[in-house]
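All remarks here apply to the structure that follows.
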Amino acid sequence: MLSASANMAAALRAAGALLREPLVHGSSRACQPWRCQSGAAVAATTEKVHHAKTTKPQAQPERRKPKTGILMLNMGGPETLGEVQDFLQRLFLDRDLMTLPIQNKLAPFIAKRRTPKIQEQYRRIGGGSPIKMWTSKQGEGMVKLLDELSPATAPHKYYIGFRYVHPLTEEAIEEMERDGLERAIAFTQYPQYSCSTTGSSLNAIYRYYNEVGQKPTMKWSTIDRWPTHPLLIQCFADHILKELNHFPEEKRSEVVILFSAHSLPMSVVNRGDPYPQEVGATVHKVMEKLGYPNPYRLVWQSKVGPVPWLGPQTDEAIKGLCERGRKNILLVPIAFTSDHIETLYELDIEYSQVLAQKCGAENIRRAESLNGNPLFSKALADLVHSHIQSNKLCSTQLSLNCPLCVNPVCRKTKSFFTSQQL
C-alpha cells in the first residue's frame, strides 16, 4: 500500500534512506579497508562516539543579551534509537510532504511499523545521528566570527530548529522570542532550495505565528539558498582533492567523481521545484574550481517506490560504471553539509561496502562531509554577514511560487517573509 502511493513519494523525498529496506541484514562480510573506512567514515565515526551524546546545541556560554539570532534550519535526525519512532511519526504527519486520508491515525501506524528496520540502520552507524552535534559546532564557529565581522548587530546567537526531532523549529522560535531579539534570520542548512526541505521549514515558521495568533516581536528575514557561495565551493573542492589523493597514484586520473544528491519525485520537479537546477549549479562551480581534473556525473540517491524520480540513481550509476570498466569511484555528497544517515549508512555501507563487493569495484571512496571544517564555519558567517549588509528580506527566487504549486501555505509563507520590515 505504501509503495504504491504517489502522495507518499513526497514524504519519502524528505525521509530518504530512512524509509528504505536495508540492503543487508545483520553483519556484512568483511570488506577491504578502502571500502569499509574512507576518511569520511573514520572521521565521522570517531567524532560521533566521543561527542554526539553529550552535546547540547541550544546551551551556549553565558554572555550579553543577544541582539541577532540565527535559526539554523534542518530536518534533524534521532540522536538515540529511542527517538527513531517519534522522528518518523512527525515526518509522516508533515502535510507539506504528503496528504493522506486519516493522516493522524495512519502516520503513527507507519512510523511504528518502520521503526525496527530504521533503528537497525542507526545502530550500524553508532546508535544515532550526529547532525545535531555538527550543527552545534558549526553554529558556535559561525557566531564567534560574526561577532567580529558585524559588531553593530552583535551579540549573535545561533538556534537550532529541526523539523522532526528536538529542538523543534517551534521550540527554537519560542526561545528566540523569550530572548528578546531585535532581529531573527532563518538560515537554511540546505545549500540548494527545495519545497520539501527549506520550504517545509519556512512554512513551520509561518504556521507558528499564525497558530499563536501573534505577530513576531523581532524582525525576520531568511537565507533561503546558497548553492554557489565561493567558500562552500572551496570546501567541497578541498575535500574532493583530499580524498582523491587516497586513490593509488596510477589510478587517480581514472577516478570517476559521482556527485550524489537526494533524489526528488518527478511530480515535484514538474511543478517547478528549483532543487535540480541549484544542485547542478553547485556541481558546475565545484568542477570549475577543480579545473575539471576527472570525469564526473551528478546522480541521485534514496529513490523509493514505483513512481518516477530524478535519475540516474546513485546505486545504478555505480553498477553501470563497474560494468563498463570504470571501477574507481569517488562519491561526493553534494547536497548535504553534515554527516547523517544518508552519508554514514547509505553511501558508506550500502554503496561503498555492500554494492562495491557485488560490482567488483576496485576503489570506492567518499569525500568527507563539511562537518567541522573551520572554513565551512567561515562560509556560514560570511553568508549571514553578507545577508545583514544587503538589507534584503530573502532571495529574489523565494518571492516566486512554483508555477504549478499545489500548497497554499507556501504562498502565505512567502508573504510572511516578504512583508517584514527591517
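Glycine is treated like the rest: Cβ placed from N, Cα and C.
Summarising the annotation, Swiss-Prot assigns active site to His229, Asp382 and lists similarity to another entry as the type of evidence. The protoporphyrin IX binding site annotation in Swiss-Prot covers Arg114, Tyr122, Ser129. Here Swiss-Prot flags Cys195, Cys402, Cys405, Cys410 as [2Fe-2S] cluster binding site. Summarising the annotation, Swiss-Prot assigns N6-acetyllysine to Lys56, Lys289, Lys414. Look at Swiss-Prot and you will find Lys137, Lys289, Lys414 tagged as N6-succinyllysine, backed by a large-scale study or a structure entry. According to Swiss-Prot, the feature transit peptide maps to 1-53.
Distance between Cα atoms for Cys195 ([2Fe-2S] cluster binding site) and Arg114 (protoporphyrin IX binding site): 25 Å, as a whole number. Cys195 ([2Fe-2S] cluster binding site) counts 26 other C-beta atoms within 10 Å of its own C-beta, drawing on all protein chains shown. Summary of the [2Fe-2S] cluster site environment: with the site residues Cys195, Cys402, Cys405, Cys410 set aside, the chain residues having Cβ atoms within 8 Å of the Cβ mean position are Gly199, Arg271, Gly272, Asp273, Asn401, Val406, Asn407.
For Tyr122 (protoporphyrin IX binding site), the Cβ neighbour count at a 10 Å cut-off comes to 23, with all displayed protein chains included. When the Cα positions of Arg114, Tyr122, Ser129 are compared pair by pair, the longest gap among these protoporphyrin IX-binding residues is 17 Å.
Here Ser129 (protoporphyrin IX binding site) is compared against the recorded positions Lys137, His229, Lys289, Lys414, and the shortest C-alpha distance is to Lys137. Rounded to a whole number, the C-alpha distance linking Cys405 ([2Fe-2S] cluster binding site) with Lys414 (N6-succinyllysine) is 13 angstrom. Nearest in space to Cys402 ([2Fe-2S] cluster binding site), taking C-alpha to C-alpha distance over the recorded positions Arg114, Tyr122, Lys137, His229, Lys289, is His229. The recorded positions shown are Arg114, Tyr122, Asp382, Cys410; of these, the one with its CA atom nearest the CA of Lys137 (N6-succinyllysine) is Asp382. Using Cα positions, the member of the recorded positions Tyr122, His229, Cys410, Lys414 nearest to Lys289 (N6-acetyllysine) is identified as His229. Ranking the recorded positions Arg114, Tyr122, His229, Cys410 by the distance of their Cα atoms from the Cα of Asp382 (active site) places His229 first. Distances between the Cα of Lys414 (N6-succinyllysine) and those of the recorded positions Arg114, Tyr122, His229 are shortest for His229. Using CA atoms as reference points, the binding-site residues Arg114, Tyr122, Cys410 were checked against His229 (active site), and the closest is Cys410.
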